[in-house]
Amino acid sequence: MFDERLDKMEEECGVFGIYGPGNDVASLTYYGLFALQHRGQESAGIAVTNGNHIKIHKNVGLVTEVFSEEDLKKLKGDIAIGHVQYSTTGITSALDAQPIVCSYLQGNIALAHNGSLTNAKELRNKLANNGSVFQSSTDSEVFVNLIAHYGQNPIEESLMKCMIDVKGSYSLVVMTENKLLGVRDPYGNRPLCIGKIGDGSYVLASESCALDTVDAEFVRDVDPGEIVVIDKNGINSMRILPKGKKALCIFEYIYFARPDSTIDGINVNYARYLMGCELAKESPIDVDVVVPVPDSGNASGIGYAETAKLHFSQGILKNRYVARTFIKPTQALREISVRLKLNPIKRILEGKRVAVVDDSIVRGTTSKKLVEILRKNGAKEVHLLISSPPVKFPCYYGIDTSERTELIAALKPLKEIEKYIGADSLHYLSQEGLYKAVGKSKGFCSACLDGNYPIPIPSGEGLGKNCLEMSNDKVGNHAK
Ligand code: SF4
């Protein structure tokens, strides 16, 4: 399958949970997942408990494809969790979809996970040696089996013990028959926030845009290393000691998150605007018009144009109805798959020196096609401005960055990338500029930009295909 999304960093999942006795929790979760659809488009699932047992509906597809009104009516209960997923390997059956539901010593449990464990294989082997049975290859199933392994303890304590064993990146929503729990890894690598609905119901979500959708008021972000427990007694919290400095994925601000979300106190749209402002200070160029690549380039395009005092225009239209490009095009047809998503407006471009603002370049294939299309539509000059530093290193925390051998900035110096893409000039935002925009003191992971991996990566085992080419030593070398 050729998919233009492969030329972007891809988020793996979005999670949502609601403790809402008296509410239609399945429908609210459906709307919450719909708001998080940008975080994963390959599968969706909702699990609901009525206090006695857990019902689940999940399948391959978009939220609107997986759930009919009838499906939602069958999911009656007081607590629900939901999940949307993107997978590097492709999801072919409902078995790979989440939430995962199982029974253990304390009763029924459902779990949905965003992130990736760096010691998943090691833990899986240990658990399998002790008799655990696995149905899929997901890290999330490792979590569920670990919870069962510590099943003689109440769920909160089991989760605490799991957090000591697991390494990597995770935000979880977990549901028992009478509790909703939210867990954020000790580095806070993935976002997770808490909201409250007027009647006293609580909501957990990967992004605040999902809280807005279900009319929940933002309460706060879950802290790194925190377990939030929501039940009939209200909301309580437990914490494990931080394992290191906070390391929220900086790409949430660059590309993943929806611009209307606020994560750890920073509004995504404003962060992108400031990235554009910084880029204009670092790389002022003389052009007739600044055009953003929608949607993630919009705010930084405005920031760039305002700071550089240049004319801004939406010269590229995004087709809002294309979720995925399924057909495998020939080389000649690849342009069509770019055009399907991004179509230039000739009147705005014709005869102009154009600065195009995009959020990032991964392999460079889409940028190359885009520059070609802009020229065909009359642009006299095309200057590519990227509102993030070059992506040079793979991510081991659950983001699909492509392998290092496919990352154009890991392979070619700037001038060669510029030449490959066919732009008149190419400018990236510096890492200092990026930190000025988001505020470095907040604590970020920027490993794919600088090779400094904040969460330890054991060599080889359990890291998936990307890691096999890099031993710990090599990771250290990359960081230099
Ligand atoms: S390596 Fe990059 S994509 Fe992965 S968590 Fe860190 S900043 Fe995010």
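Placed from the backbone N, Cα and C atoms, the Cβ positions cover glycine too.
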Site-mate of D358, D359 for Mg(2+) in TrEMBL, selected among S296, S425: S296
Recorded [4Fe-4S] cluster site member, picked from C209, C249, that accompanies C395, C445, C448 in TrEMBL: C249
Cβ neighbours within the same chain of D359 (Mg(2+) binding site) - under 8 Å, at least six residues apart: I254, Y255, R272, V293, S296, G297, S300, I386, S387, S388
Cβ atoms near C445 ([4Fe-4S] cluster binding site) (within 10 Å, other residues, all chains): 27
Local confidence of the domain 'Glutamine amidotransferase type-2' (13-233) - pLDDT mean: 93
Of C13, C249, C395, C448 (the recorded positions), the residue whose Cβ has the fewest other Cβ atoms within 10 Å: C395
Distance from D358 (Mg(2+) binding site) back to C448 ([4Fe-4S] cluster binding site), taken between C-alpha atoms, in Å: 17
Length of the line joining the Cα atoms of D358 (Mg(2+) binding site) and C249 ([4Fe-4S] cluster binding site), in Å: 19
